[in-house]
Amino acid sequence: MIPVDVHSPASSPTVVHVPLGERAYDILIGRGALAASTERIAALGARSAMIVSDGHVLPRHGEALEAVLAQAGLRVATITVPPGEGSKNYAELERVSNALLDAKIERRDLVVALGGGVVGDLAGFAAAILRRGVRFVQVPTSLLAQVDSSVGGKTGINAPAGKNLIGAFHQPALVVADTALLDTLPERELRAGYAEIVKYGLIDDRAFFEWCEANAARVFAGGPERDHAVAVSCRAKAAVVVEDEREEGRRQLLNLGHTFAHALERIVAYDGARLVHGEAVAIGLVLAYRFSAQLGLCPGQDAERVRRHVAGLGLPSSLAEVPGGFGSPEAILDAMAQDKKVKAGRLTFILARGIGESFVQDDVAADDVLAFLRQAAAEAVPA
Ligand SMILES: NC(=O)c1ccc[n+]([C@@H]2O[C@H](COP(=O)([O-])OP(=O)(O)OC[C@H]3O[C@@H](n4cnc5c(N)ncnc54)[C@H](O)[C@@H]3O)[C@@H](O)[C@H]2O)c1
Ligand SMILES: O=C(O)C(=O)C[C@@H](O)[C@H](O)[C@H](O)COP(=O)(O)O
Ligand SMILES: [Zn+2]
């Protein structure tokens with residue numbers, strides 16, 4: 001089964017349906033999607049909702065969401081967490097869970113995540129474990145969250161040992177990706193989110209990568225290209241999730257670049273002032289292609305083309321660009337041992353035979369990884 005676009009009259013949101021049986025849901029995409037979602041939310045039949053947001057997003061978009069929820073007939077409570085990756089931890093999970101219990105949120109009520117991927121992952125995980133599973137709605141407000149984290153049901157928090165190591169699969173009941181909410185997103189976060197867009201081209205859609213090369217500036221500027229990129233990304237992600245919801249096979253492709261990225265995020269101790277997730281992914285995508293080229297799997301020109309595109313947009317593309325340093329090749333390899341794709345102690349990487357031709361490679365030799373990391377570490381920042 002593949003996700004289905006439901007055609008609607010002009011100016012209505014684009015609807016991508018995610019056909020996951022009893023866990024099926026819709027993604028509403030476009031400017032004004034939030035205001036247009038009242039009936040959909042009312043149809044979920046909840047009595048109460050608790051908005052989980054952060055201190056940057058709530059003051060900008062909280063009122064609009066509260067109005068929609070109230071119009072849908074829901075009683076509304078709110079909790080905020082500090083902005084940034086540091087909130088994906090046990091302490092915030094406990095605080096959010098207790099707030100949900102204090103508000104007497106029941107299984108059929110709604111946890112509504114209003115924010116970027118941090119809020120979505122944290123609130124989604126709280127919903128997954130509260131009363132052994134409460135419904136939740138994603139209202140993603142960062143580009144990254146609209147194109148990736150709000151779809152697919154991966155929820156969780158970080159552990160000192162590694163990224164997203166404590167979590168659960170818990171699908172949302174609805175995703176409302178109102179692209180107008182991105183108008184307040186800082187430029188750095190917009191760029192970081194773009195890394196997860198171009199990832200879909202690199203995974204299996206060369207034509208979309210070429211579209212990205214031609215249109216990245218317009219995606220940053222807003223307008224129809226941005227909405228198009230969000231819709232293409234959601235469709236691409238939904239197609240993979242529908243095929244392999246719990247990441248036993250093909251879904252691992254969505255992890256392209258992430259074995260490197262998550263290791264770097266642990267090394268910077270989830271300090272977004274140094275590196276945010278999308279920036280780590282940008283470096284990881286370039287390294288995954290360069291590693292593939294070093295192993296003789298991928299033409300060097302393709303790896304260079306990926307690097308040029310990423311670097312040309314002002315995203316970091318090398319280890320040397322990790323602010324404050326990346327530790328050492330050995331530290332990166334050590335962090336990779338906690339990757340969730342590890343099987344029987346052996347590393348799995350997403351590698352590529354070319355642009356749009358990625359594949360899952362189990363049993364990658366640690367010596368090959370270390371040799372590559374040593375070479376990548378020795379290089380200066382590329383021109
Ligand atoms: N579950 C998944 O499938 C999945 C996929 C990709 C990434 N992730 C996770 O997502 C997280 C990264 O998400 P992110 O990049 O959205 O980070 P984020 O949630 O920290 O948001 C980035 C920053 O932008 C601010 N912000 C968000 N929306 C805004 C808006 N409209 N206006 C003004 N400020 C706004 C936030 O307050 C924050 O400071 C990471 O933890 C990553 O692991 C999860
Ligand atoms: O949805 C997925 O599957 C992904 O891998 C998407 C990634 O962009 C995302 O960063 C995800 O959270 C990584 O998952 P993890 O299982 O490697 O923690
Ligand atoms: Zn990611």
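Glycine is no exception: its Cβ is also placed from the backbone N, Cα and C atoms.
All annotation found in TrEMBL is predicted automatically rather than curated by experts.
In TrEMBL this protein carries:
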DOMAIN    79-191  domain '3-dehydroquinate synthase N-terminal'
BINDING   Gly117, Val118, Val119, Gly120, Asp121, Thr141, Ser142, Lys154, Lys163  NAD(+) binding site
DOMAIN    193-342  domain '3-dehydroquinate synthase C-terminal'
BINDING   Glu196, His258, His277  Zn(2+) binding site
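In this view, Lys163 (NAD(+) binding site) is surrounded by 25 other Cβ atoms within 10 Å of its Cβ, with every protein chain counted. Annotation for His277 (Zn(2+) binding site): spatial neighbours Glu85, Gly117, Leu144, Ala192, Ala261, Glu265, criterion Cβ-Cβ under 8 Å with sequence separation of six or more. Counting only same-chain residues at least 6 apart in sequence, those with a Cβ under 8 Å from the Cβ of Val119 (NAD(+) binding site) are Val52, Ser53, Asp54, Val57, Val81, Ser87, Ala113. In this structure, the C-alpha atom of Asp121 (NAD(+) binding site) lies 16 angstrom from that of His258 (Zn(2+) binding site). Remark: Ser142 (NAD(+) binding site) has Gly115, Gly116, Gly117, Leu182, Leu185, Glu189, Gly193 as non-local neighbours, by Cβ distance under 8 Å and separation of at least 6 in sequence.
Lys163 (NAD(+) binding site) falls within a strand when secondary structure is assigned with DSSP. For the Zn(2+) site, the Cβ centre of Glu196, His258, His277 serves as reference, and the other residues of the chain with Cβ at most 8 Å from it are Leu144, Asp148, Ala195, Lys199, Gly257, Ala261, Gly278, Ala280, Val281, Gly284.
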